[in-house]
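Per TrEMBL, these features apply:
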{"type": "ACT_SITE", "residues": "Cys9", "note": "active site, nucleophile"}
{"type": "ACT_SITE", "residues": "Arg15", "note": "active site"}
{"type": "ACT_SITE", "residues": "Asp125", "note": "active site, proton donor"}
{"type": "DOMAIN", "residues": "3-152", "note": "domain 'Phosphotyrosine protein phosphatase I'"}
Amino acid sequence: MAKKILMVCLGNTCRSPIAEAVMLEILKKAGLSEDWHVDSAAIADWNVNCPPEPRALRTMAKHGLSYSNQGRQIQEVDFQEFDYIFGMDKSNVNHLERLAPKNCKAKILLLGDFGLPKNERIIIDPYFDHDDAGFEKAYQQSVIACEAFLKNVLFKK
């Protein structure tokens, strides 16, 4: 049975789509895409059924990542269907912990806790930036964190 990962940020328009696309690419390159399912969602409902922010799409395209999902809001059932739910910052993780039902199956984690230095663990929301730099930084942090998480899960015994 495939393991399931859900990437979550506030609006599902910047960071979580980037992290989703990065994880999918890492799994594909490792030959593990059949063993894992990856999706993304928002805490808020602002971007439901909307494509990601154009700067996020440009950043993904710049790195050869395709993306066609639409925004969605996290649902209670996600806490049972997914094995891992990653927040991009501590506020996301706190919201997820409050939303999680008592019988939550998913492990709620901060993505940046994997592989990133302590002062870089928060993947900052670049939405209000005036350029693409914050999106590139979110991409780079996601690459490091996703690779480190996967190594941790695959080689943890």
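Any Cβ shown, glycine's included, is placed from N, Cα and C.
Just so you know, TrEMBL annotations never went through curation; they're auto-generated.
The number of other CB atoms found within 10 A of the CB of Arg15 (active site), across every protein chain shown, is 34. Residues belonging to the domain 'Phosphotyrosine protein phosphatase I' (3-152) score a mean pLDDT of 97 in the model.
Taking Cβ-Cβ distances under 8 Å and a sequence separation of 6 or more, the neighbours of the residue listed as 'active site, proton donor' in its chain are Cys9, Leu10, Cys14, Arg15, Met88, Asp89, Gly134. Counted within 10 Å of its Cβ, the other Cβ atoms near the residue listed as 'active site, nucleophile' come to 28, all protein chains included. Residues of the domain 'Phosphotyrosine protein phosphatase I' (3-152) grouped by DSSP class, helix first, strand second and coil last, total 64 helix, 23 strand, 63 coil.
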